[in-house]
Amino acid sequence: MHDKILILDFGSQVTQLIARRVRDGRVYSEIHPYDCDPELIRKFIQEQGGKGIILSGGPSSVTEEGSPRAPQIVFELGVPVLGICYGMQTMATQLGGAVASAESLGKAREFGYSEVRAHGHTNLLKGIQDFSTSEGHGILKVWMSHGDSVTTLPSSFKLMASTESCPIAGMADEERSFYAFQFHPEVTHTIQGTAIIERFVHEICKCKPDWVMGDYIAEAVENIRKQVGDEEVILGLSGGVDSSVAAALIHRAIGDQLTCVFVDHGLLRLNEGDMVMEMFARNLGVKVIRVDAKETFMGELAGVSDPEAKRKIIGKEFVEIFQAESGKIKNAKWLAQGTIYPDVIESAGKGKKGAHTIKSHHNVGGLPEDMHLKLLEPLRELFKDEVRELGVALGLPREMVYRHPFPGPGLGVRILGEVKAEFASLLQRADAIFIEELRNTIDEVSQKSWYDLTSQAFAVFLPVKSVGVMGDGRTYEYVVALRAVQTQDFMTAHWAHLPHELLGKVFNRIINEVRGINRVVYDISGKPPATIEWE
């Protein structure tokens, strides 16, 4: 039995990052809502290999009546507990400390980078720091996101970290191995965050690092076979990483019981339809049905500008096509999708208590209630980098596994406002030029292409026209935005600092080769506050 960590979710949009950091250390983790049955927690710890518990952040305030609390059993099972942000506040409140809102303290809410003084006398932080001051104090560069603060430590706790604006930024009860931080060690903005979480998991909880992707494959294959039995599965294939890996995993489990349906909705990347068919016929050997649905999708999207409405229309059309195709396949009872963790967390409003909805994804937010197929989502607990690792372990070619992510709604959410065939054609050509130049431009330091150095890159069509000059004439044409980001987990991201020469070449090619576009801009927004996709 593998050692495990239980994560109780209080509604944070980055709870899954905690699980990712734990898994980075080759320890299995599970996420459950904070108000799950206490018996589940007891069994997880006492019967299923659980070695520790982490309490996530969340949007609530412990100072408000009826706010979430951790089940009391968490503090009675004799295992280490780590509280993060809201998790720290509820731990302090439940164990006898005090918490106050920023307003009551006459302070502003704290959001963004901060420097925390680490008190290194605790087992958790000893020796972990980014730099030290002239007085010898260890300093951590961290990410804060809170309004409330702990003002009084519980009687058995001591101070573990502090800032000027947050005097109690960390606390510890070493005897019971209870620890808590006001900052977020799970996000990449906290430089030593991974080291802190791995210290907690490996040294405090004493978990053995023995969970590997091979174990996940074996478990997933067994689960798929149990779920599906002798029934057949239909999978919507886009050619992207997620659906490709899902197809490979399901095919390994049930072979020819899987039929992939590739829906060409006219919103794919340039020439992608032909490439998808060739790739899967050559590499996977699975049954693939190609459906030309361009006119259907364009007709349904005509006049629709709202991004949520577009996503739901696209999701609905996908499902209806799958249902029509499944009627032609004997014993087809399941619809498989490449839903992954970030899809689920960003669609938090659909079943996640306390979380704030950001956007819905076509995989999880646009499905009709009367869907006639059961849902199979074998990747829904994996992050993007884990999906890639799984793809390699399944034997998929690198060019398939490391292709940049592409949204299920395709260019439908990269064309802002109403979707038209004319706009899709312009965007396809501009995007192809951008990706081609990223692949062809090598960074002198790393000797890698800028395509490999970016996690996701694409063009966005803006439904506005700008004045330009070409030759001796005035132009009044459309604008395209370029977006390129670097990220480890797609939950947070930094904009990519592409060479100006590369951006200049992309601009020149788009302006000269794509008639109808006369202006190109580059998006330098990070996530947060922006999302990676524009819609």
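First residue shown is number 1, and so on along the chain.
Here the Cβ of each residue, glycine as well, is placed from N, Cα and C on the backbone.
Residues or ranges marked as active site, nucleophile in Swiss-Prot (evidence: sequence analysis): Cys85. For Cys85 (active site, nucleophile), the same-chain residues 6+ apart in sequence whose C-beta sits under 8 angstroms from its C-beta are Ser12, Ser56, Gly57, Gly58, Ser145, His146, Phe181, Gln182, Phe183, His184.
As annotated by Swiss-Prot, active site applies to His184 (among others). The Cβ neighbour count for His184 (active site), using a 10 Å radius over every protein chain in view, is 24.
In the three-state DSSP classification, Glu186 (active site) falls within coil. Residues or ranges marked as active site in Swiss-Prot (evidence: sequence analysis): Glu186 (among others).
If you look up Swiss-Prot, you'll see Ser238, Gly239, Gly240, Val241, Asp242, Ser243, Ser244 marked as ATP binding site, on the strength of sequence analysis. Residue density at Gly240 (ATP binding site): 22 other Cβ atoms are found within 10 A of its Cβ, drawing on all protein chains shown.
Look at Swiss-Prot and you will find 4-210 tagged as domain 'Glutamine amidotransferase type-1'.
Per Swiss-Prot, domain 'GMPS ATP-PPase' is recorded for 211-403.
Annotation for Ser243 (ATP binding site): same-chain Cβ neighbours under 8 Å, separated by at least 6 residues, are Leu235, Gly236, Leu237, Gln337, Gly338.
In this structure, Gly240 (ATP binding site) belongs to neither helix nor strand by DSSP; it is coil.
The number of other CB atoms found within 10 A of the CB of Val241 (ATP binding site), across every protein chain shown, is 24. Model confidence over the domain 'Glutamine amidotransferase type-1' (4-210) is summarised by a mean pLDDT of 92. Gly239 (ATP binding site) and Glu186 (active site) have their C-alpha atoms 31 Å apart, to the nearest angstrom.
Around the Cβ of Glu186 (active site), the number of neighbouring Cβ atoms within 10 Å comes to 31.
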